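A.B. asks: Okay, handing you the structure first.
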Amino acid sequence: MFGFLFKKIFGSKNDRYLRRLRSQVQSINALEPQMQELADEDFAARILQYKKAVQEDGQSLDALLPEVFALVREASRRVLGMRHYDMQLIGGMVLHKGKIAEMKTGEGKTLVATLPVVLNALSGKGVHVVTVNDYLAKRDAAWMGQLYGFLGLSTGVIVHGLDDDERKQQYESDITYGTNNEFGFDYLRDNMKFYGHQLVQRGHNYAIVDEVDSILIDEARTPLIISGASDESVGMYRIVDEVVCKLRPEHYTVDEKARTAMLTDEGVAYCEEMLKLDNLFDPANITAQHHVLQSLKAHQVFKRDVDYIVQDDQVVIVDEFTGRLMAGRRYSDGLHQALEAKEGVTIAAENQTLASITFQNYFRLYDKLSGMTGTADTEAVEFHQIYNLEVISIPPNRPMQRKDYPDLIYRSRQEKFDAIVEAITELHKNRQPVLVGTISIETSEMLSHRLSKLGVPHNVLNAKQHEKEAEIVAQAGQPGKVTIATNMAGRGTDIVLGEGVVDLGGLHILGTERHESRRIDNQLRGRSGRQGDPGSSRFYLSLEDDLMRLFGSDRIKGLMEKLGLRDGEAIENAMVTRAVEGAQKRVEAHHFEVRKTLLDYDNVMNQQREVIYALRRELMVEEDLDPVMDEFMNDVLDDVYSTLDGVPVDDHNGLREAAFARLRDVFNLDRVLPENAHLPEREECEPLIRKVLEELRSETGDSYRDIQRYFMLEELDRCWKEHLRNMDALRDGIGLRGYGQRDPKLEYKREGFEMFQAMLFQIRENVFRALSRVRVAPAETAPVEAIEIAPETEEAQGQPLAREYRHKEDRGQLSYSGGGNAEDARNTPAKAAPRIGRNDPCPCGSGRKYKKCCGADK
C-alpha cells in the first residue's frame with residue numbers, strides 16, 4: 001500500500017530518472033541557436049577541439065555532453081534532414097550512461113545512437129555499434145556514416161568475407177558497425193594469432209547493441225565456437241540412423257518441454273539386437289550409445305522446416321527467434337551429423353572446439369555497454385542480474401494509438417487456421433494491409449498455399465525467401481498488402497503506411513500463435529502503430545498449439561468444454577489472455593534458468609580463458625620472452641625438487657632417479673651433462689638449462705626469438721585445445737554428481753580448476769621439451785618444404801600460420817628432433833615449417849616487409 005502511494009506521489013524509479021535528464025535537455029536546447037550559426041567546416045574543427053580536450057586535457061565526456069549533443073543534432077539536420085526530438089536526446093543520454101533504452105518501433109533508435117556514438121568516439125578508443133545482421137550493419141554505416149564524415153569522424157563496417165587487413169582497417173575507424181557474430185569471432189580469432197601486428201581488434205571500449213534483447217537474451221544460450229575437424233569417423237551415423245528410423249512409438253519416450261528423447265526397455269533391446277551389441281550401456285559401447293541417443297533426438301525432437309531446413313545438400317539451422325538461416329552454425333556433440341544422416345545429405349566430419357565464448361562473457365569485456373530495443377522491460381531482471389544493465393523506458397514522441405484486441409482461442413488448429421484465412425481474406429477485401437506472424441516456416445508455407453488457392457496475393461518472408469527481406473517489410477504497409485513473416489524477420493526496417501491506409505485503421509497485425517516469450521509477441525505487435533499511427537493487433541490460438549499443450553492451464557480447456565462451443569467458435573476472454581501470459585511467464589522463467597546455468601558454467605571457463613588469453617597476448621606482443629622462460633623454468637624446477645623434500649641421498653625407492661629422468665627429459669640435459677652424471681642440486685641445475693638454451697641461441701642467431709615465441713604459442717594452443725575438449729567431457733557428465741548428493745556446479749568448478757592447473761604445468765614442460773631439441777641443419781642437406789596450415793572450417797579463417805625460420809644469411813634451416821639420439825629422432829614426427837607471408841616482417845631482421853626484402857625476387 002505504502003509503495004503504491006509513494007509511486008503515485010513521486011512517480012516510478014523510471015519517471016524520476018527521466019525527470020533528472022530533462023534538465024540537461026534544456027541545456028542542449030539552449031545551445032541550438034549557437035550551433036545553427038556555425039559554418040559547415042566548423043563542425044569537424046569543433047570535434048577535433050573536443051578530442052583534444054578529452055585525450056590531452058583529461059576533460060570528462062559528461063562535461064562535454066550538452067555541447068556535443070547540440071552539435072550532432074544540428075549536423076544531423078543539415079546532412080540527413082532529421083532533427084533529434086527531445087525524447088531522442090534523452091534516449092542518447094541513457095545510452096551514454098551505460099543503460100538500455102527501451103524505445104518503441106519507429107521512434108528513431110538508429111538516429112538516437114549517433115549522439116552517444118559521437119560523444120564516446122572523442123576518447124579515440126573506438127566505438128562498436130552492434131546489429132543483428134549484415135544488411136543493417138551496412139545500411140546504418142552508410143546512412144549514419146554521412147553524418148560522422150561531416151563531423152570528421154571515420155566509419156567502418158565489419159561484414160562476413162573481409163580478410164584480416166580489411167578488418168583491421170575497419171576497426172581502426174572511430175566508429176565500427178558490425179554484427180554480434182563478427183565481433184565475437186574476431187575476438188576469438190585474435191586469440192589464435194601468432195604476432196601482435198596480426199591482431200585486428202584494438203580493445204573493447206564502448207558498445208551500443210541494437211535490438212539488445214535479441215542479442216543478449218535470445219542468443220545467449222548459443223555460444224560462439226571456432227572448431228576444426230576431429231579424427232572421428234562419420235560412418236557410424238548412417239548405420240545407427242538406419243536402425244533408429246525403424247523404431248516404433250513403444251520403443252521411446254519424448255519430453256517436448258525439455259526437448260529430449262529416451263529409449264524404453266523395448267527400444268534398448270531392439271537397438272542391441274540390430275547393432276549386434278550385448279549391452280548398449282556397457283562402457284565399451286559408450287560411443288554407440290551416444291550415436292543412438294543423438295539420432296533418436298534428431299528424428300523425434302527436431303523438425304524439418306521448423307528447427308532446420310535442407311538446402312544445397314546441407315542441413316542449415318533456422319534461428320528460432322528471428323526465422324533467419326544461421327549459415328555456418330552447426331549443432332555440437334554429433335547432433336548435426338545425426339540430422340544429416342536423417343535427411344540423407346553429406347555428413348560432415350565431427351568438429352573439435354578450438355576456441356569458444358558466450359555472448360554474455362564477450363559483451364562483458366567492454367568497459368561500457370549499452371543497448372536499444374523496443375521490448376526490454378519484460379527481461380529487465382535478467383539484464384540487471386547478468387549484465388548489470390538497467391532498463392529505462394523512453395516515452396514515445398507521440399501517444400500510441402494501436403488497439404490490441406484480446407486473443408481468440410479455438411479448440412483445434414484446423415478451426416484456428418480456417419478463421420485466420422477468413423480474417424485475412426476480409427482484411428484484403430477492405431484494402432487494409434495485414435502482417436501475419438508465424439513461428440515456423442512450415443506454418444507460413446501452409447498459409448501461403450491456402451491463400452494462393454483463394455487467389456489472395458501475398459508475400460512470404462521466411463528463412464527460405466530472405467534475399468528481399470527489407471524490401472518486402474518496407475512495402476507491408478501499402479493498401480491491400482498481405483505479408484506473411486516467420487518470427488518477425490525484418491526487424492530494423494520501418495513499415496511506412498501507404499496513402500489512405502490511416503483511414504482504413506492502419507496496419508493490422510495477425511499472430512497465428514503465441515511465442516514462448518511475451519517479448520517476441522510484443523515485437524510483432526510493435527510493427528504497427530509507429531510514431532502515433534493507427535493500427536491493431538490480434539492473436540489466434542488453439543488448444544493444440546505447443547505453448548497451450550505443454551504449458552497452458554487445464555482451466556481453459558475445462559472452460560471451453562463447459563461453454564459447449566460449437567465447431568469454429570472461439571472464446572474471447574480476458575481471463576484466457578491472462579492464462580496464456582502466465583504460461584509464457586513459466587516458459588520465460590525456465591529459459592532464464594537455462595541461460596543462468598549456462599553462464600554459471602561458462603564463468604568457470606571464462607576465468608581460465610582470461611588467464612590463457614592474457615598469457616597469449618603477452619607472448620605475442622613482448623619483444624623479450626626470456627623473463628617468461630625464466631618463470632616457466634623455475635616453476636618446473638620447484639615442482640621437481642619439491643618431490644624430493646626429506647628423501648635421503650641413498651634413496652631406495654628410486655625417487656631421485658625418477659626426478660633426474662624427468663629433468664633430463666624436459667630440459668634435454670643429456671646435451672650438456674657428462675656421461676654417468678647424477679642428479680644435480682637445485683642451484684646447479686639452472687645453469688645447465690641456460691647452457692642448453694644458449695647453445696640454441698648461438699646456433700639460430702637472430703631467429704632465436706621467433707623460434708622461442710613459436711614453440712611457446714604452439715604448445716599453449718595445443719594444450720588449451722585439449723583442455724577445452726576435456727572440459728566439454730567433464731561438463732557432459734557432471735550432472736550425475738547430483739545423485740551422489742554433490743553440487744554439480746561446485747564439482748565442475750573444483751575439477752575444472754585442477755585440470756587447468758595441470759594444463760598450465762604441461763605447457764611449461766612441453767615448451768622446454770620442444771625448444772631444447774631444436775637443431776639447425778645445413779639447408780642443402782636438409783631441405784624443409786614450406787607449407788601453409790589451412791584452417792579446417794570457415795569460422796577458423798584467420799588462424800595463425802606457423803613460421804618458417806631460416807638461419808641468418810640463409811646458412812641453414814630448422815629441424816626438430818624428438819630426443820637426444822637418432823632412434824628418438826626417427827620415431828618423432830617432423831614439424832614442417834610454414835611459409836613466410838609476403839606482408840610479414842622479413843626474418844633477416846632488417847625491419848622491412850618480406851616482399852620488399854629477401855622475398856623481392858620470389
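Glycine is treated like the rest: Cβ placed from N, Cα and C.
Checked Swiss-Prot, it gives:
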- GLN88, GLY106, GLU107, GLY108, LYS109, THR110, ASP494: ATP binding site (BINDING)
- CYS842, CYS844, CYS853, CYS854: Zn(2+) binding site (BINDING)
- 808-848: region 'Disordered' (REGION)
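Could you place the listed features in the three-dimensional structure?
C.D. replies: Long-range Cβ proximity for GLY108 (ATP binding site), meaning a same-chain Cβ under 8 A and a gap of 6 or more residues, is found for MET82, HIS84, TYR85, GLN88.
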A.B. asks: Within the same chain, and leaving aside GLN88, GLY106, GLU107, GLY108, LYS109, THR110, ASP494, name every residue whose CB is within 8 angstroms of the centroid of the CB atoms belonging to the recorded ATP site, in sequence order.
C.D. replies: MET103, THR105, LEU111, VAL112
A.B. asks: Please list, in sequence order, the residues in the chain of GLY106 (ATP binding site) that are at least six apart in sequence and whose C-beta is under 8 Å away from its C-beta.
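C.D. replies: Listed in sequence order: ASP494, ARG530, GLN531, ASP533.
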A.B. asks: Measure between the Cα atoms of every pair in GLN88, GLY106, GLU107, GLY108, LYS109, THR110, ASP494, the residues the record assigns to ATP, and report the largest value in Å, rounded to a whole number.
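C.D. replies: The two farthest binding residues have Cα atoms 17 Å apart.
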A.B. asks: Three-state secondary structure of GLN88 (ATP binding site) from DSSP?
C.D. replies: helix
A.B. asks: Provide the three-state secondary structure of GLY108 (ATP binding site) computed with DSSP.
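C.D. replies: The three-state answer is coil.
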A.B. asks: Ranking the binding-site residues GLU107, ASP494 by other Cβ atoms within 10 Å, which is at the bottom?
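C.D. replies: If we count Cβ atoms within 10 Å for the binding-site residues GLU107, ASP494, the smallest count is at ASP494.
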A.B. asks: Taking DSSP as the reference, which of helix, strand or coil describes ASP494 (ATP binding site)?
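C.D. replies: The three-state answer is coil.
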A.B. asks: If you skip the near sequence neighbours and keep only those at least six away, which residues in the chain come within under 8 angstroms of LYS109 (ATP binding site), Cβ to Cβ?
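C.D. replies: Within the chain, LYS109 (ATP binding site) has Cβ neighbours under 8 Å at GLY91, ALA101, MET103, ASP210, MET372, THR373, GLY374.
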A.B. asks: Looking only at GLN88, THR110, the binding-site residues on record, which one has the least crowded Cβ, with the fewest other Cβ atoms within 10 Å?
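C.D. replies: Comparing Cβ neighbour counts within 10 Å for the binding-site residues GLN88, THR110 gives THR110.
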